[in-house]
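S.K.: Okay, handing you the structure first.
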Amino acid sequence: MDFLLLGLCLYWLLRRPSGVVLCLLGACFQMLPAAPSGCPQLCRCEGRLLYCEALNPTEAPHNLSGLLGLSLRYNSLSELRAGQFTGLMQLTWLYLDHNHICSVQGDAFQKLRRVKELTLSSNQITQLPNTTFRPMPNLRSVDLSYNKLQALAPDLFHGLRKLTTLHMRANAIQFVPVRIFQDCRSLKFLDIGYNQLKSLARNSFAGLFKLTELHLEHNDLVKVNFAHFPRLISLHSLCLRRNKVAIVVSSLDWVWNLKKMDLSGNEIEYMEPHVFETVPHLQSLQLDSNRLTYIEPRILNSWKSLTSITLAGNLWDCGRNVCALASWLSNFQGRYDGNLQCASPEYAQGEDVLDAVYAFHLCEDGAEPTSGHLLSAVTNRSDLGPPASSATTLADGGEGQHDGTFEPATVALPGGEHAENAVQIHKVVTGTMALIFSFLIVVLVLYVSWKCFPASLRQLRQCFVTQRRKQKQKQTMHQMAAMSAQEYYVDYKPNHIEGALVIINEYGSCTCHQQPARECEV
């Protein structure tokens, strides 16, 4: 057909000038892709996009040339055979997730050169041949998550130079082959989380110069060596949460631009002092829920760019080794979790680290004070927010110069007892001044009253004098009454001597003489 059209074009060009137009129109029609022959029953068609979802077909539809997109989600496909999609040469995306696919042959995606997005997630795939993705060099996104992959073929991703996103989450992968991503020069996002990785090879991620985000969380890694991530110059986020990491080391001296690192939920007990010097631009660090008891001063000095850190849930030893961390926290101006509790010794268990440092005077040393404002940081910091920032005086034991580093020796609290004495003196002075001020106010009121209302003052004074006299008279009368009652009850001696009778009243006594009685005879 092509040769016939070419012959007609040449004939018309030679015979008539109008043949040029016809030739061009024919070439244009030849370049247009063929339209699909028809929409399969029970499927949904949107132009050149076909959706055959949740229909339970056992194989892919045929004779659908010209399709740009095909979705076969939520079906019962169990196998992808060689050449199964041969007639779909115009296809740009293919969704095969949520099926029962357990076997994929090496030539299953033959002639799908234009496919940019392939989704195979939520199936039962156990392995993929080396040649699986070879017919699709234009792939940008591949999703293999939630399958049963146990191993990756060494050349599985060979030739995928345009791949930018790769998902392999929630499989059973135990090892990442060396240089498996060597050709993935455009890869920016890689997720291998929720697998069974126990170790990493030094060159497992070689060639990923544009990688910005790497997920390795929920694996079985027991050691993290920053040398396993060489020359990842564009990496900004590294997630290693919920592994079994016990130590963090760096056996390769090089600098990378990492800005966010998540090491939470591990079993970290030791970190090399120089390990964070290779990431000078680190801004966010999660170290919560580990087994750290203290942090080396050299590590603290390397955290110069941090704006957020989590340290809760560790086994902090609130002895002398915690002083460097307490001093660093008191001067940290970023965000950190405030729930740092002491795990030892016994007398400090359950106490907040900074509160324990202040309450138990753990870091007092008058010789080399390294933080003059730790007291204010402890008393003024919020529970969940960052501590109060203040100017800090740093002492260098070697040369006596201030270079902005924390020495491992001690953290002094020079304001401890002196601050308490100053507070007491301040209270005494304030109370004395208040009394003097009150006395002066009373004197001022009396003076103003004496000047403005002299008659009222004289009447008031007379009332005071009169009231005082009445009180004295009442006191005298009560005393006399008490004396009379005492004589009546105490000195009275009953006798039958006829004589004078004494009558006592309130104002004095009267004497009455009684004459003896006489008997008369009748």
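Glycine is treated like the rest: Cβ placed from N, Cα and C.
Relevant sequence annotations retrieved from Swiss-Prot are reproduced here:
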{"type": "DOMAIN", "residues": "35-63", "note": "domain 'LRRNT'"}
{"type": "DOMAIN", "residues": "314-365", "note": "domain 'LRRCT'"}
{"type": "CARBOHYD", "residues": "Asn63", "note": "N-linked glycosylation site"}
{"type": "CARBOHYD", "residues": "Asn130", "note": "N-linked glycosylation site"}
{"type": "CARBOHYD", "residues": "Asn380", "note": "N-linked glycosylation site"}
{"type": "REGION", "residues": "382-401", "note": "region 'Disordered'"}
{"type": "REPEAT", "residues": "64-87", "note": "repeat 'LRR 1'"}
{"type": "REPEAT", "residues": "184-207", "note": "repeat 'LRR 6'"}
{"type": "REPEAT", "residues": "256-278", "note": "repeat 'LRR 9'"}
{"type": "REPEAT", "residues": "279-302", "note": "repeat 'LRR 10'"}
{"type": "SIGNAL", "residues": "1-34", "note": "signal peptide"}
S.K.: Taking DSSP states H, G and I as helix and E and B as strand, how many residues of the repeat 'LRR 10' (279-302) are helix, strand and coil?
M.R.: 6 helix, 3 strand, 15 coil
S.K.: Mind checking which residues of the chain, 6+ beyond the ends of the repeat 'LRR 9' (256-278), have their Cβ under 8 Å from one of its Cβ atoms?
M.R.: 217, 224, 226, 229, 232-250, 284-293, 295-296, 298-299, 302-303, 310
S.K.: Does anything in the same chain, at least 6 positions from Asn130 (N-linked glycosylation site), have a Cβ under 8 Å from its Cβ, and if so what?
M.R.: Gly106, Ala153, Pro154, Asp155, Leu156, His158
S.K.: Averaging the per-residue pLDDT over the repeat 'LRR 9' (256-278), what integer do you get?
M.R.: 96
